[in-house]
Amino acid sequence: MLGLPGRRNRKKAAPGGPGAPEPRRIEPTGAAQPSGTPQPLGSPGHSAESSRQEPGTGHHPVDDGGVPVLPEPGVSESATMPQAAKLRAKSAPMSLRRRVALLAATTVGVAVALMTVAAYFVVTNALVDNASKRLERQAVTMLQLGAADTANTQPRTWIAALTTFNPDLEPIVITRDGLTYGPYRDDPYRLPFQIGEAEHKVYDREVSSSMRTAEGKQIIAVANRDGSTLILAQDLGPTREVLNRLAIVLSIVGALGIILAAAAGTAVGRTGLAPVGRLTRAVERVARTDDLRPIPVAGDDELARLTYAFNQMLIALQESRERQSRLVADAGHELKTPLTSLRTNAELLIAANRPDAPDIPEEDRRDLEKDVVAQIEELSTLVGDLVDLARQDAGAETIELINLADTLGASMERVRRRRQNVEFDVQKVDWYLYGDDSAWERALLNLCDNAAKWSPSGGTVTVRMSASDNLLTLDVADQGPGIPEADRELVFERFYRATESRTMPGSGLGLAIVRQVVVKHGGTIEAREAPGGGALLHMELPGTPTSPEESNLSDAATGQAIQTDAKTVPIKRGSGRGRNGKTPPSTGR
């Protein structure tokens, strides 16, 4: 802005000659004002009136005298409201879809609102700043051209020239003697707006220029070198009109944006949660109809993974139901025959003991009694096998560190007591693994007993254990007729019995139990043909030939989790092999 020399106290007669109306005079702040003269800049007449609140304009009611009537102490306004208005009905819980839609709509709506408000304020500041700079440039240009030099130019003539070339401006000139001139030709001393404190400071040379907004105008005051002051005012009405139109446009755009945000939020909630809806309907369908069909999976997001996990649960549930149904059906079928035979023999024995019954030869009676005992043993074996299968299916194993060579030795002792007419050629090696020792003893017992059952009297059952670094091979061979190639996969199914074995005792669960135990411990088993004829059951099992104590392994001591059959189970210490109370072995292939 322009610099300002020191203030000079000089007085000059009002121009215009005799008979001209006397202009208003601006005196320095604090000077005595004669009566009948215009009030100087900054006097009480030029200051804004302080606002005061009229009685009765507050929030409380007023009486006839205009005095506000306050509520009685201790009585709230809500106490006068109806009781029904205080009670609010509990709203129904909002669904997840509505919450997602509301969240998306609120987020986008707030963003649109903030952008709209920010755009309005940015444009407003830009327009006002542009108007201020334009007004400032005009004032500086007038001073540089010497148009405000009242020493050579009449202020009224100069003001007339200003308004002619700039009709949107309202100029005021204050001479160095304090005389004020306005833009009106009929009354040059009438001012278009009130001179404020900011212009007074420029006239007093406290500042070189000032800029303010008042009465809907933008006002600039600039000090001239000769002691006069130029004041220019520009009406902000056009700018306000532009801003009002901008506000309307931005409001419409913002409202449309919020509506679109609500629609987008609803679409996001509907589309994004569609898999949840399908999953919910599937769960309801399963609960209502027991239909365990998998749900179609679309995409690869979190909801798709949730659907996939639910499908896996449905598959596991379906398999569990199928196993349960198959077990019940097979058990009922297998139990029916021995129970019928046992009942028939028991009825014959009971009938033979009646007084009026014909005599039964002693040999036939002994045969009936032997049949009853054999059928009871067969039922006991079948029930034991069913219990073992159910136990394996339920996963109720006790996991511990075992040496498979010791477990095989315990099983062989029981087989030798049962099959005394068969020789056993056994070669064992130490093999350590974590597993259920009782399950392994039962599996090895079934495996060796099955081979002994099919071997002829005086035959030999060969058992060979061979170990590599991480894999054990166990071969059990008999000297029987062997297993037909078509039946080699089927012999491991539950209750399956080959045509040749239907006349022999057995439940058809022995090898099924063996395969279940082997698979649960990460191994494999298959039926082959022995080199010298007969059946060969070949098993491979992971583990280690060295005891963990010797290898400085501390898995059993620390209770470290181990992996068996894709399940992590804790290790128990000191549980032993628990060979007491074993169920009699299965006698069927």
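Each Cβ is built from the backbone N, Cα and C atoms, and glycine gets one as well.
Now, the feature entries from TrEMBL:
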type	residues	note
REGION	1-91	region 'Disordered'
TRANSMEM	100-123	transmembrane segment
TRANSMEM	246-268	transmembrane segment
DOMAIN	270-322	domain 'HAMP'
DOMAIN	330-545	domain 'Histidine kinase'
REGION	540-589	region 'Disordered'
COMPBIAS	544-566	compositional bias 'Polar residues'
Predicted model, mean pLDDT over the domain 'HAMP' (270-322): 82
Positions on the same chain near the transmembrane segment (100-123), where near means CB under 8 A and six or more residues out: 94, 243, 246-247, 250-251, 253-254, 257-258, 260-262, 264-266, 268-270, 272-273
Number of helical, extended and coil residues in the domain 'HAMP' (270-322), per DSSP: 40 helix, 0 strand, 13 coil
